[in-house]
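Visitor: What follows is a single structure, and I will ask about it in a moment.
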Amino acid sequence: QQQQQQQLQQQQVQQQQQSQQPQQGQQQQQQQQQVPYIIQRPPPPQYPGLGMAAVREPGTPAPGVARPPQTPPGMVQFQQQQEPAMMNPAYRSIRGPLSGPQHVTNDGRSFGTEVPVSPNTHVEIHFYGHDPRTQVPLEMCLVGCIFCILDYGRLFDAPTIAVWKKVILQRGGEVEEAYSSRCTHVICVTQRDSVVQQAIREGKRCVTVFWLNDVLLRKKLQPPWLALHFPSPYSDDKPCKNQIISSSGFDREERIRLKQMVLATGAKYTTYLTRLNSLLITKKREGLKYQKAQEWSISTVNLQWVQDVMLGHYEALRLPMAQKYQQYDAAESTFRLDYSLVPHLMAAWRVPVKLTEEIWKRFTASDAFKEAQKRKLENANSNKSDATTPTKQQRMTPELEENIPLTPATTPGDDKDKVPRVLFTGLKDVASLKKSIIQLGGVLAKSPKECTHVVTEKIRRTVKLLSAFGSAKFVVTPRWITDSADCNSFADEKQYAVDDPDAEKTFGFSLEQVLQRADRTPLFKGMIFFITPGVYPSPPLLQEIVESCGGVVYLKKRPTLKQVSTVTQGGTKFLVISCDNDLHLCRDYMAKNINIYSAEFILTGVLRQCVDLDAFLLS
């Protein structure tokens, strides 16, 4: 019986163990379903840049373990919240609206409530001048700005910089003689200066005088929008000092800015294209220059190239033929900036210039504000008076015409050589003076060569004056005509001769002595000139002056050494007029010891009426 009882107990224990095994299996199965969800949830998304989540390419495996498609009973669904992105202190360029969001295939994960994103959403980084909520008078566009001018003392003289400071004060700004923490803007040439680097670290707005000039023209404080507005990242050793660059397809204003940009990189800029040019900046893939550049294997780039070089992007120098610099779309803004190259300079512009009540009080109490109000009142009064002026002039015109004498001062029997042939230069309103000359019996000269009298206020080296200098007998002021009209006859010219001692001292000549020469032969008779294209004044203007003085000019084609040798054998002198920017065109002449002169050889030589072959030489 005891054995039977033990067997029954063993059977009961075995049955209990067998009944407990399914329950343990169910519990283990439930734990296996719960553990992946609780412990092995997917990691939060990573942020590579400024708040933009990394987008997984379709087909790549998702990080972590995939979530079960169904939520176990009794569990609250977990929603992963994205952490705020860490802002990059460096500025990132936003050159236009971002492309639409990239869609990722559904991998079964859920990171919170899905918010639909509009494809037209723009991510913009704003830059400011004044606080946009503040209305600033146009005449006082620099109010609240405190300037410090650095570096420009070695490029401009003191009177010029004094004018800049005066204009800043007139437009509501302030000027500090030395850099301090009060300064809001630093006008400088280069970023290499230690004071400029300190200003950048302290969050000051560092710009060039080009920016100041453009802001004054627009009458609005704005962040830099051109590469010329930023101080150069280079020292005196410029990266393009051995380059000779030309341009094609740009209008006049664009060419002026482009030339300034090219010179800022250290390169030479030429308006022409020769085989010696190293680069052509073009707006379109067309034109004669572009065709010749392709024929002569000269590299061509767009405007973006020189902008990137100006901003310190060395890759542009190494890879000028990169795709970025071979896009020619005339419809786009050609001077569009890549702000990502200057984050350290643009960081300060993310905060507007705020005008506090204290600044406004100081501004309204300043002399500049009072002068601006006075000018505004004077302009308003002048506009009112101008509105009534035309009717008065219409009533007075007939009376004035009746008072002008109609009897000529000369008779038909007078010698024609004694009739004044008058030429005007450097004067604005000459209509009444011309009428008086005709009514007095004089003649208006058709060209400088035939004039006897030049009428001007002071000695200005105009084309007309220089062209007439070899033939004119008198250089008089407009008063000679008005007094002659009052007397109804031409007055003695000696009393009305132009007296300009400053010009005579500057150019080293005496007007009286030059005009008293009895026999003034053509100054450049027996001379042949070759003028290179980059000379200023322009070659056509110099040609007019030289030809009026008896010389001959070649412009279209450069004479060969053989042609020069043939010409000089007959006694004719061959002279080359050039400039520093064009000396590469004169290497063969310099190799044969042919002198190269600057344009002053012509301009000053005509004023002095002498040829000095040892003066104004270029080396």
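Backbone N, Cα and C define each Cβ position, glycine as well.
Straight out of TrEMBL:
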REGION    1-80  region 'Disordered'
COMPBIAS  1-40  compositional bias 'Low complexity'
DOMAIN    235-310  domain 'BRCT'
REGION    374-417  region 'Disordered'
COMPBIAS  379-396  compositional bias 'Polar residues'
DOMAIN    419-498  domain 'BRCT'
Visitor: Can you give me the average pLDDT across the domain 'BRCT' (235-310), rounded to a whole number?
Guide: 93
Visitor: When DSSP states are grouped into helix, strand and coil, how many residues of the domain 'BRCT' (419-498) land in each?
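Guide: Tallying H, G and I as helix, E and B as strand, the rest coil: 31 helix, 13 strand, 36 coil.
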Visitor: With DSSP as the reference, give the number of residues of the domain 'BRCT' (235-310) in helix, strand and coil.
Guide: 29 helix, 14 strand, 33 coil
